[in-house]
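K.L.:
As annotated in TrEMBL:
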{"type": "COMPBIAS", "residues": "1-15", "note": "compositional bias 'Polar residues'"}
{"type": "REGION", "residues": "1-21", "note": "region 'Disordered'"}
{"type": "TRANSMEM", "residues": "83-102", "note": "transmembrane segment"}
{"type": "TRANSMEM", "residues": "114-136", "note": "transmembrane segment"}
{"type": "TRANSMEM", "residues": "163-184", "note": "transmembrane segment"}
{"type": "TRANSMEM", "residues": "196-219", "note": "transmembrane segment"}
{"type": "TRANSMEM", "residues": "225-247", "note": "transmembrane segment"}
Amino acid sequence: MLPTTSVNSRSQGNGVLSPRDAARHTAGAKRYKYLRRLFHFRQMDFEFALWQMLYLFTSPQRVYRNFHYRKQTKDQWARDDPAFLVLLSIWLCVSTVGFGFVLDMGFFETIKLLLWVVFIDCVGVGLLIATLMWFVSNKYLVKQQNRDYDVEWGYAFDVHLNAFYPLLVILHFIQLFFINYVIIPDSVIGYFVGNTLWLIAIGYYIYVTFLGYSALPFLKNTAILLYPFGLLIMLYLISLACGWNFTKMLCSFYKYRVR
């Protein structure tokens, strides 16, 4: 006989989930499942996570299209597989060690910088940004006719991670090849190259963040998330006119952190 599922075990009349099934869809249950999978590498789909990292540069819309599929099949917008977070952590560690090497830091200084970048720059700032965007989007961007829907906090954190990855690659990897020979020396070319990389990196962050929230069909006026582009371009032009070197300031700040 084929296995069958009782209707009563899945719903309680008119499609309402039973208490047992409803418990599986709570935020706590989803969070527990996600954290549990962090210790089971064989259950992670690293190939798919690498695919997402590639398309975050070439076609980020395709990444968020997959979030739609997850909502349809697993009834949640946020990732249920921590493979992306694991690969991002590896990228963060490798690039930070490279930064320490380029800035001629010692072993312990590099470890201190690594801990700071991982737990403050990525996780700490990410938690703040995700919480802020989660609050703002649910408070001001949800359509009136869709009050039954809300933005999952886990999805807001995923959007931050998606936007943070291109920024990380540009500022902590590509930029390394130009720091000592092009950017750090006091020259017009130096701060032009460095500040342009900052413009591209932060611009990517804003754009990928916008795509993440505009992908949710129950949100409105998500175009306001693109407004920081105006301030970013203005700051970029002012920095070129005043000769500010953002990369040089970052390197000095990194060295100050590890003293």
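Every residue, even glycine, has its Cβ placed from backbone N, Cα and C.
Heads up, TrEMBL stuff is auto-annotated, nobody curated it.
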K.L.:
Under 8 Å, at least 3 Cβ pairs, sequence separation 6 or more: does that hold for the transmembrane segment (225-247) versus the transmembrane segment (83-102)?
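P.N.:
Contact criterion not met.
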K.L.:
Mind checking which residues of the chain, 6+ beyond the ends of the transmembrane segment (196-219), have their Cβ under 8 Å from one of its Cβ atoms?
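P.N.:
Distant Cβ neighbours of the transmembrane segment (196-219) are 56, 60-61, 64-65, 67-68, 77, 133, 137, 141-143, 146, 149, 151, 155, 158-160, 162-164, 166-167, 170-171, 174-175, 178, 225-226, 228-229, 232-233, 236, 246-247.
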K.L.:
Going along the chain, which residues at least six beyond the ends of the transmembrane segment (83-102) come within the CB cut-off of under 8 Å?
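P.N.:
Counting only partners 6 or more residues beyond its ends, the transmembrane segment (83-102) has Cβ contacts under 8 Å with 38, 41, 44-46, 48-50, 52-53, 109-110, 113-114, 117-118, 122, 158, 161, 164-165, 168-169, 172-173, 176, 179-180, 254.
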